[in-house]
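**Q** Take a look at this one; I'll ask things after.
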């Protein structure tokens, strides 16, 4: 099956809502509409930027989509500081990131919570981008494939095959995030192929063949071409490079198969 590439720009805790508007305008200017026929492009801003991004995307009828960086497993209630999937859906979000390594590390989120958040996202017709990945010691010990397969199982626990068919998986080796180090294309393919194989066991081979698997970890315009050429890598979860509108547009154009804008 031919899977349409997805380029997702995770802005993390960067850019106020004025800066968000400027960046989306830059991306829109730098990446003409024709590219969106061949690649899906989404930005993942901080919560405080979402309404401004929504207004711009809707007003200018942009084909760019957007999403949230996290959500609560709860719909509403006494959960100070949390954001529900219902709120994100009301803002027009298409995607939401769950289980990012920074959430797992700094907020002690485990696989069970990630699975609950993925289910909450699906309940509100949001596509969860479920993140998994290993630390450097696991990679150096040669246990990276087994680690990611186990984390995938835990992070999708309780989801039906139909629900699994609606998720996106992002493999993000923790040692490569924001470090400038990037897993080689063959290394990324090794893990992404194992992810797809496990999805076949958890759901079905047909569903596994349709689910998009992204690579995340120091993705930029220089390495996206080689990464996305791999059989089981369907795009990128982009960090720092997504804050540069021109580079992000170039990256997306490469993922679309070119030519450069």
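Keep in mind that glycine also has a Cβ here, set from the backbone N, Cα and C atoms.
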**Q** According to Swiss-Prot, 10, 11, 12, 218, 239, 240 bind substrate; which of 59, 67, 178, 184 is also listed for that site?
**A** 178
**Q** When DSSP states are folded down to helix, strand and coil, where does residue 172 (active site, proton acceptor) land?
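**A** Where residue 172 (active site, proton acceptor) sits, the three-state DSSP reduction gives coil.
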**Q** What is the biggest Cα to Cα gap, in Å, among 10, 11, 12, 178, 218, 239, 240, the residues listed as binding substrate?
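**A** Across 10, 11, 12, 178, 218, 239, 240, the two farthest Cα atoms sit 14 Å apart.
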**Q** Return the residues near residue 11 (substrate binding site), defined as same-chain residues 6+ apart in sequence whose C-beta is under 8 angstroms from its C-beta, sorted by sequence, else 'none'.
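**A** Same-chain residues close to residue 11 (substrate binding site) (Cβ under 8 Å, separated by 6 or more) are 20, 23, 43, 44, 45, 46, 49, 69, 242, 243.
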**Q** Based on Cβ atoms within 10 Å, give me the single least packed residue among the recorded positions 10, 100, 218, 239.
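**A** If we count Cβ atoms within 10 Å for the recorded positions 10, 100, 218, 239, the smallest count is at 218.
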